[in-house]
């Protein structure tokens, strides 16, 4: 019971926070739609399904037909979660390969199909179960009257019922649901492997380009500047990711210097922004910086306000940003790996038990409920934008700007 209470509380709070942060962004992007849909499924599981399972386990499944069928119907969360995980993997890879193919309309159609498939399978499976009443003979002895009496105690237990759905169809439905899980696991593993390879290739190209420009900046830093400069402005460094289309055409680097005001102005532009993608900004009320978020792969543009007393050279600053990109590559890869492994590990015992491949305790069987509680942490809170926004919302009474940001972009 303690396990069910913890899962229900943690999952309800976590998914409520996720919905609070993401719902104002709807539709925003395809990733936003997937995250909102997944958070709704997780919230429904933690808020409704988990307490019902706890009640049924406490009563040892001595329940009514309605609760019996609801318990079977609630297992559609495994189907929905499996299909959503596969769809999210497709979302990531289509954003890398060709964002024009992966549209909002297509995503909404896919989610509608996922919901319809899960509802049909869940309804058919629930109709194949019902509560069967059975009686137990109890012997009672009254010591005062020295007489014995007997009574029947009526129990109702959740069993398979063949009056509506035959046993063969019930077995087929069970195997279909479990096979969907295994197929989605294979798809997710393959797609995330491809995503990792594509990210690694693109990062290798960017690192090569950045190294060349670091050499140019180092030579530029060694050039003396006239001491008559009266004003120094803050340098703004902007790194913009390369889209695949522009990578094939050319890897052009623009390096310009201007001495009109006797100062250094460095602009390092690798590529133009995609006009189809929206930019979003988030300003913290407790930190003096602006975070601009763009929608291509790993697209983050840091506009950092530099302290005038800072004596870092241009090449040193670019080297620091190069190191940040390396760390970001490791962070994104680890997030993908954690999502996939947690999904497999927590869902696998339940599916293997349903297939009667293994026999495990009830606590191990219900580990899949844990997925819906920790999804806000391992899936959304690995996003630095979202984590920063949630912390700022909790600490600040009022933000200086509207919640106009898209935290899903750093996951791409």
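Here the Cβ of each residue, glycine as well, is placed from N, Cα and C on the backbone.
TrEMBL: automatically predicted annotations, no manual curation.
Copied from TrEMBL, the annotated features are:
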type     : residues : note
TRANSMEM : 6-26     : transmembrane segment
DOMAIN   : 14-379   : domain 'G-protein coupled receptors family 1 profile'
TRANSMEM : 33-56    : transmembrane segment
TRANSMEM : 76-97    : transmembrane segment
TRANSMEM : 109-129  : transmembrane segment
TRANSMEM : 180-200  : transmembrane segment
TRANSMEM : 329-350  : transmembrane segment
TRANSMEM : 362-381  : transmembrane segment
Leading contact stretch, 6-26, 33-56, 109-129, 362-381 vs the transmembrane segment (76-97) - CB distance under 8 Å: 109-129
Non-local residues, at least 6 beyond the ends, that sit with Cβ under 8 Å of the transmembrane segment (362-381): 3-4, 6-8, 10-11, 14-15, 17-18, 35, 38-39, 41-42, 45-46, 49-50, 53, 57, 77-78, 81, 335, 338-339, 342-343, 345-347, 349-350, 353, 387, 390, 407
Mean of pLDDT values spanning the domain 'G-protein coupled receptors family 1 profile' (14-379): 68
